[in-house]
Amino acid sequence: MAGSRPLPSHGDLLPYNHAVAGHDGTLSDPDGELFIKPCVQQEIDFYEKAFRDHPEFASLMPCYIGTLELNDATDVNSLNEQLPAVADRLSQGLKEEAVLMAKAAAAKAAAEPAGPHDSIRWKPSRKITTNKSVVLENSTHGFKKPNILDAKLGRRLWADDAPLEKRKKFDELTRTTTTGSHGFRIAGMRVYKGSDNPEELDPDGFRVYDKEYGRCQVNKDNIVQEIGKFIFNDRAGIDKDLGRAIAQAFLEDLMRVEKVLANSETRMYSASLLFTFEGDGEALRAAIEQTNALASDKTEENEIVREGDITHEKLGGIEISGPIEGDIKVIELMGDVAADGEEEEDDELSNLPRIYSLKLIDFAHAEWVPGQGPDENSLFGVRISANRTITLRPFWEWRFHVPHTLSQSSSTAGSGATVRLVSGTAERDGTELAQNREYTFPRNTRSKLLTYTGCTLEASGEFIDNVAQYASPEDSPQLAVLNLHFALQAQRKAAAAKADDGHNKATPGPRVMVCGPANSGKTTVVKTLTALATRMGGQPLVASVDPREGMLSLPGTISAAVFGTMMDVEDPAGGFGVSSTPASGPSAVPVKLPMVYYFGREKVEEDAQLWRDLTSSLASSVRARLAADERVRESGLVLDTPAASVAKGDVDMLMHAVSEFAVNVVVVLGSDEIYGQLQRRLENEKTTHGEAISVVPLSKSDGVAEQDKEFMKVTREAAIKEYFFGDSKRTLSPFTQSVSFDDVAIFKTPDDSDFYDTQQALEPAEISAEMSHWTLAAMNASLNDPPETIRRAPVMGFVAVADVDEDRRRLKILSPVGGRLGNRPMVWGRWPEPYINLLG
């Protein structure tokens, strides 16, 4: 800010010439540090409450100094009285400068004839009749050649007290401009060297676009290209790389604006977002280089680095990596917040050149509305403008994670985040995306989109993401999976050919088992091989004997199902979730019908014998289906397995699965140890069909994310919630029943299975409050069956114990369908853990 320097004379004050929209009468000092604009009391009240009670919102606004009465009696003493919150932080010279500017504004206001107030007929005007000004720090100060874009927010532009004629005019503006389609409109824009025609440039070299540009020339079809003129400009030395870095910085700030607005209860009409960045490419690169050099020095000293005029929050900055001509990427810098009464400790930091700035401005029709929720009118435009475009080259991957705790600001806070394939081809785990369709990925989704041909994606919402770039297809881990698919497809064709010849009808297609250590990407490979097979017209049978996740079922189960149709791209589990079964109601894709067995524990070693028994039962069902269905038999089997560790002796577990499912192809991901042991043990083995068993090593993809405990817990709870209540696309209403203790048969698994005894596989449960919030498995068995039969029976469905009333001896139970619960035994396992907030 201003320091000690000669004061400008009254005649030195200049009209503010960087305004691209808004009302007349704004003033600036010769150095451009102060910005004084006429305002109404409502805008003053909004500023003051923001800086007093809402510091996070205030950080989006230009730095607010205060307000001044526009009259000749204004002096330094009255300035101290009018600006008590900041008076101690303003130098005497700056105060005297502000006084001069206030008097200049008063003189201008007095010279204007006051027009009659007409509450019936509204007359558009760029002038405000007022005796007050708001004093702000100039957001465009510090730039050499500031490019400025004013984006008017909201589809509704008029406040409640607007005359009818004004409402009609603004509604027509909404209907005919991007205000209606996108929720924002370019109200004005100026671009340094924005034209090759000198006649289109002002004396400072800027091309200025007035309000008619955004009203008449910009529409929903060309708005992206028109905004591109603001950022990308080879004439000014701003090439694609530099422009992308600026766009990315603005995107990060827009996402923060979205967060703050969604957590604030306001109503703003005709507010704007003011985008500013250094429009001279040479100056911009120099500013980035200087800022990052200083940032590097100060990081070592654990000091705060200043970026532009950003305050209060951690925001995105820009870094050039390597030589100044090199690649550009985004880093994070900190704004400087000085304590009251303190001077800046480092003049070098305060004198850094500006790079970019994004501010929320124009609050003449804004107010705080406690209890009425966020301003969805303004948020709509912010969310649309925060859409981002991702361009992928062949075999590149866009890896993303939608956080499980989306901020209330997210454009899809209730349902996740949205992606649209604009051009090219892309797929998620083998399932193709359709062009120009919006896909919504729910919270806690971790996945990737891959392209073989190159594509352009448009994404909105909250993503934690990165692009995996490969110099050639040979470098992509997906190439090995693709080659494996073609090898399996050759076996399927061979099986079909033998069946057509009338020979070896009992020989199925490939039975491939995917295994590996924890966090190796096993399930993703299984989904990809399944999806690719269905795209080729196959109907593979897919099985999972990993109880940690649950395929087409709840965690704690093992299951199998035929996949004869496409998988649900939007499913957090990538088509393996409960949303793809009839239990979760209508589905966007054909549902799958799984055979499910209830293990009721997290880890195989917690009851290894039971896991073996259930795996054998599931394998028996798989063999029966393969024998009975020719299309399924030719397509074969894809088997997912639990995470394995040689140190824990898990190779025996894998060998059991190989034997029971007659596996003839074993894929080992990311473990030379597991591969070596299986290779040795299977080298001379044959399947029950007389086939040799191939063991194929694959490298683990560098994009595999660690599944931490919190992620897995949220995933389990989401599956249970979806089973009973549906998801963002479909709402289910489970039946609630109150039943007597005596009318249900509930068994529990022993707490300690170290002394495994088939006669003690289950024991009658003593119903108590401890059972509250647990999920029980309803078994396809009779009440008269022995415990070991009940324990190994398939699952019919699940119920949730909402409450236990021990005094009245009654249970409150949720079930997906109505009907009596007492005619089927239910099993209370040891995992997944109780879901306390299922009803909350």
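Counting starts with 1 at the first residue shown.
Using N, Cα and C of the backbone, Cβ positions are placed for all residues, glycine too.
Since we're looking at a predicted model, the values are computed, not measured.
What TrEMBL annotates here:
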type: BINDING; residues: Glu397, Arg446, Asn519, Ser520, Gly521, Lys522, Thr523, Thr524; note: ATP binding site
type: DOMAIN; residues: 391-495; note: domain 'Clp1 N-terminal'
type: DOMAIN; residues: 516-725; note: domain 'Clp1 P-loop'
type: DOMAIN; residues: 732-833; note: domain 'Clp1 C-terminal'
type: REGION; residues: 497-516; note: region 'Disordered'
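In this structure, of the binding-site residues Asn519, Ser520, Thr523, Thr524, the smallest number of CB atoms within 10 A of the CB marks Asn519. Listed in sequence order, Lys448, Leu449, Leu450, Thr451, Val467, Ala468, Ser476, Gln478, Gly703 are the same-chain residues six or more apart from Glu397 (ATP binding site) with CB atoms under 8 A from its CB. Remark: secondary structure over the domain 'Clp1 N-terminal' (391-495) totals 21 helix, 40 strand, 44 coil, with classes taken from DSSP. Neighbours of Arg446 (ATP binding site), defined as other CB atoms within 10 A of its CB across all chains, total 20. Taking the binding-site residues Gly521, Lys522 in turn, the residue surrounded by the fewest other Cβ atoms inside 10 Å of its Cβ turns out to be Gly521.
When the Cα positions of Glu397, Arg446, Asn519, Ser520, Gly521, Lys522, Thr523, Thr524 are compared pair by pair, the longest gap among these ATP-binding residues is 18 Å.
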